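Novice: Please read through the structure below; I'll follow up with questions.
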Amino acid sequence: MVRSTVLLFHKMESITNVMEYETIAKEKLPKMIYDYYASGAEDQWTLQENRNAFSRILFRPRILVDVRSIDTTTSVLGFKVSMPIMVAPTAMQKMAHSEGEYATARATSAAGTIMTLSSWATSSVEEVASTGPGIRFFQLYVYKDRNVVRQLVKRAERAGFKAIALTVDTPRLGRREADIKNRFVLPPHLTLKNFEGLDLGKMDKTYDSGLASYVAGQVDQSLSWKDVKWLQTITHLPILLKGVLTAEDARLAVESGAAGIIVSNHGARQLDYAPATVMALEEVVKAVQGRIPVFLDGGIRRGTDVFKALALGASGVFIGRPVVFSLAVDGEAGVRKVLQMLQDEFELTMALSGCRSIKEITRSHITAPWDSPRITPRL
């Protein structure tokens, strides 16, 4: 036991990139929990593609630029953040670490960026708010019982949350075969804290995935564009639509009054063979024509990925799995380190590309597989 603890400590000390946390988390977490966080839908093609797609986008760095001073700060919905890297909503974080969302909230606040709390968190909006100041968004699933939705939104407002991230890609849960094999269920000592007093906080054991059964019973499959309008009548908070992948839906999002879009395929956990988010990003950006900001999640593991997303028109990115895996390995300190590593890598990428501020990152700094061949002028 002592030897394994020492080995784990040495592994943690030598971590130099975000991906290494997942390797250690796999050793540390029970199989059911690791598989829940790590797996995607069906063949997991989109899961691999979320990462692989970034490798097909290459840099066009500009040289001989004075990069002694690099500024990674930016503004998200009017809130100033230290970097365009934010924390995505990931469910049930106390499965990863006993402090769960508390630790993530403290780490994100210390990094000067935004945390998005999942509806299916194992800590409530009030508990997360109690960790201290910070800019926080609340991710929302729309339940069949709209009074539950009203209560949740009002509680998020009272707790000081600054925006609602409405998940729009989950009328039903994707087929996550690892969860079916493992008969995934929330461990009995934990509950979905935001629903605890509503008899909706427990997930029963089933013959397949307890979460899939829970979603089928509770989440509203009739959710449509009219409900985006309805949501605006019950809250003054800006609403981001999370799960947009096409130009058609991007235009409808603008028309519906959304304050922003998160280009997302739900971490490749919903519809397999949906495109990698970075492949869908530019289509969405062009469709909104600058009327609302566009963000991206899915596959971000390097500062270079962040730069590529911004060059394609994203206003910022959200990270999910790197947070839960670093949380599993080293709690709050792990999440802090992941955010710091990504910021450091992003800043270095900016310097090596000749960009001193976020606004200097342009489409001309990258080349993508769908670009027309460049005609090099003769000298």
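Placed from the backbone N, Cα and C atoms, the Cβ positions cover glycine too.
Note that the structure is predicted; figures quoted are calculated from it, not measured.
For reference, TrEMBL lists these features for the protein:
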- 10-371: domain 'FMN hydroxy acid dehydrogenase' (DOMAIN)
- TYR36, TYR141, THR167, ARG176, HIS266, ARG269: glyoxylate binding site (BINDING)
- PRO89, THR90, ALA91, SER118, GLN139, LYS242, SER264, ASP297, GLY298, GLY299, ILE300, ARG301, GLY320, ARG321: FMN binding site (BINDING)
- HIS266: active site, proton acceptor (ACT_SITE)
Novice: Could you give the Cα-Cα distance between ILE300 (FMN binding site) and HIS266 (glyoxylate binding site), in whole Å?
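Specialist: If we compare the Cα positions of ILE300 (FMN binding site) and HIS266 (glyoxylate binding site), the gap is 13 Å.
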Novice: Judged by the number of other CB atoms within 10 angstroms, which among GLN139, SER264 is the least packed of the binding-site residues?
Specialist: GLN139
Novice: With the glyoxylate site defined by the record as TYR36, TYR141, THR167, ARG176, HIS266, ARG269, how many Å span the farthest pair of C-alpha atoms?
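Specialist: Result: 19 Å between the two most distant Cα atoms.
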Novice: What's the CA to CA span in angstrom from ARG269 (glyoxylate binding site) over to ALA91 (FMN binding site)?
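Specialist: On Cα coordinates alone, these residues lie 13 Å apart.
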Novice: Which residue, out of the binding-site residues ALA91, ILE300, shows the minimum number of other Cβ atoms inside 10 Å of its Cβ in this structure?
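Specialist: So among ALA91, ILE300, the binding-site residues given, the one with the fewest Cβ atoms within 10 Å is ALA91.
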Novice: Using C-alpha atoms, which one of the binding-site residues TYR141, THR167, ARG176 comes nearest to GLY298 (FMN binding site)?
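Specialist: Looking at Cα distances from GLY298 (FMN binding site), the smallest one goes to THR167.
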Novice: Just give me the nearest neighbour of THR167 (glyoxylate binding site) among the binding-site residues PRO89, ALA91, GLN139, Cα to Cα.
Specialist: GLN139
Novice: To which of the binding-site residues PRO89, GLY298, GLY320 does the lowest count of other Cβ atoms within 10 Å belong?
Specialist: GLY320
Novice: Measuring Cα to Cα, how far is ARG176 (glyoxylate binding site) from ALA91 (FMN binding site) in Å?
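Specialist: About 15 Å separate the Cα atoms of these two residues.
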Novice: Could you state, as a whole number of Å, the largest distance between Cα atoms of any two of PRO89, THR90, ALA91, SER118, GLN139, LYS242, SER264, ASP297, GLY298, GLY299, ILE300, ARG301, GLY320, ARG321, the listed FMN binders?
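Specialist: Output for FMN binders PRO89, THR90, ALA91, SER118, GLN139, LYS242, SER264, ASP297, GLY298, GLY299, ILE300, ARG301, GLY320, ARG321: max Cα distance 22 Å.
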